[in-house]
Amino acid sequence: MRERDLESLEYRKFLNLLSSYTHNEITKNKINNLKPITNREFLEREIAKASEFESIFLKEGYFPLSEFPDITQAINLAKVEDSILSPKEIFEIGEILRVVKNVKSFLSNHTLNHLKKLFQNLTPLRELEKFITDSIDSDFAVKDSASKDLARIRKEIKEVEKLINNQLEKILNNPNYQDAIQEKLITLRRDRFVIPVKYNFSHRIKGIIQDRSSSGNTVYVEPFEVVPLNNKLTDLKLQENLEIRKILRFLTDIIRTKINFISNSFDALIEFDILYTKAKFSKAFNCRFPQIGESYQLYNAKHPIFLLKEKPFIPIDILLDEKRGLVITGPNTGGKTVALKTAGLLSLIFQSAIAIPVDEGSKIPIFNGIFIDIGDYQSIEENLSTYSAHIKNIREMLDLANKNSLLLFDELIPGTDPDFASAIGIAILDYVKEKNIRVIATTHLKKIKAYVLNNDYFKIAAVGFDKETLTPTYKIYYNAVGESMAFYIAQKLNLQKEIIEKAKSLISKDLLNFEELASKFSALISEYEEKIKEINQLKQQLELEKAKYENLAKQLEKDKKEKWKESLKEIQDFVEKIRQEGYEVLKEVKERQSGAPLEKFVKEKKNINIKTEEEIKAEEIKEGDVVRIKGKTQEGTVIAIREDKANVNFGGIKIWLPLNQLEKRQPKEEKTTFKITKSKTDITPSINLIGKTKEEAIKELEKYIDKVILEGYTTFKIIHGYGAGVLRNAVREYLDKLPFKLKYEDAPYHEGGLGVTIVRFEE
């Protein structure tokens, strides 16, 4: 694509504004140098990566990437044999390794498809990172802990400095030297500790003059008493520098062996930072990727620069569906140009794998070139008029464009007589049609409007205009023709009436009729579009209601099947129980050689009724009824009903339960009787689940709670131990799902603490 087109459509300006979403200069440079992608396969891969990253970002609400240093030069230097990196360069490599570790850890919690390769390029080097952290501090100084020798040398340096200090303090405080001392100060000159002495008294203090003040009134003397110590200090500092160089060489050599991993990780970090920047822009303005296709349909499109600069902007629909040409008409008030530039810029941004501010359902083609003719191209240097410059640019555009390109013309053709401009403009549109090139053009010329109305290659549209404020509304009305508004604006701005009347008399009746018809036509189109909008809204509501109904029907069918499965299982279990009891009776008959057990069995079972689902549903639960929780065996008596809940007494424990969780059973006066009595089991007020799997523990706990209720316990303990917390969490999740009103908490420390959960039933 031509750089002049990118500039004209403000693509570079957009990228510059987008780059403000990152604090990293290297990422900013990469973003500012982005170019639209024309290869479909490559673009789809980049969009897939951006979409996958954004979904992770939106799910987590953050990404662990902030400002990081640019280590490009350090990487290049480390690749040079025998080179030694500076402490700052090594520290910054350590910073990058820390960021890589954090990002890798964060992404490890997500299933990656399109980002997998980029993720694999992140290589945390924890040992190297620790070496660097232990060796260099945030002020880029080598730490004492970098080596034992360095720690020893620095300790000696401090000791010698202390001795020098003490010696010089004695001289400074000696009464015999007070008239010779310029200031009680110990300072450094030429890396040696000295004291300031008045020039006229320099002979009083024996030593070496290391420096003189700019005024000449002060000399800096190194007393002979500290010369040996200063010499020793100099030697120690040389040793320190050699040891630091040795440490830096060691660290650089390690870095050099890992330089490819570091380089790949750094490149991957930059790519993730670019994706992060794109995702932040997308989230801020509710952007999305349109579907790639042949048609060009952008719904509620917004100009991104308006958004980034927080300027008000009315969303527009840009539609090139079955037709490949769109001509936008209307007065010269800026609305047409904004629509044209919005279409071009959004296409460029999309082809940079950046989501754009449009609504769901939008579609867009991939263009191999987007070319625009806009503005005043007058060139003094090339001695070209505005018209000549436009013609030269249009010729180049038409030479470069093909059926996969997008041509944008702002006002066909400016800078010349309207009749000639109309003729050339129509000829250009005809040429574009012959070459089957997509085109969006703007015009206010009536002949071009008439041509477009009679040509099925093009769709015509008009930009709305507010007659009160004399400004464009920016809304695009399709199948409408824009008025010139010249007379109306002149009249509104109080141009002399006789001038307006004279002007009208100079215009042909055909043109006035055309403008009048265009105005009426636009009004009808607006009314028609409003009706269509209402119909579409009703259609959407109908679709939603239909979807709700279908989902409800599916759920009812599912519930019905599940209910019948439960009923069938109950019947099968019941039949199996009867069969087993029958076997026991037959066995007893054989053993006793008597029919009495059989007669008793028949008598007990002959009055058993199996009710249908409908009969069970028809029964209403009321006070005094014997009920049980669906799926459970314990039975209780309803003692009160309030709205959709019942208070049930289970062997002394009273619990409020939703009615839809209860099922009615025959009360005890009917033929088949049930009675809740306290069992004579040896159940204790605690259960030990340690050593069991999650499934085993929950199954055993379920049985235990049934018995606890029957025994009348209001408090019990669940012993699950500490471990990894799996059993504890499973127990508490199970308790949360129970229909009983209960509370639970960790046991006191002396009763087991976190390894024991205490449960209390509440009335």
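Every residue, even glycine, has its Cβ placed from backbone N, Cα and C.
Database features, via Swiss-Prot:
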| type | residues | note |
| --- | --- | --- |
| BINDING | GLY330, PRO331, ASN332, THR333, GLY334, GLY335, LYS336, THR337 | ATP binding site |
| DOMAIN | 687-762 | domain 'Smr' |
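Mean pLDDT for the domain 'Smr' (687-762) in this predicted model: 84. According to its DSSP assignment, GLY330 (ATP binding site) is coil. Long-range Cβ neighbours of THR337 (ATP binding site) (same chain, at least 6 residues apart, Cβ-Cβ under 8 Å): ILE374, ASP410, THR442.
Counting residue by residue with DSSP, the domain 'Smr' (687-762) contains 36 helix, 18 strand, 22 coil. Within 10 Å of the C-beta atom of LYS336 (ATP binding site) sit 28 other C-beta atoms, taking all shown protein chains into account. All chains included, 27 other C-beta atoms sit within 10 angstroms of the C-beta of GLY330 (ATP binding site).
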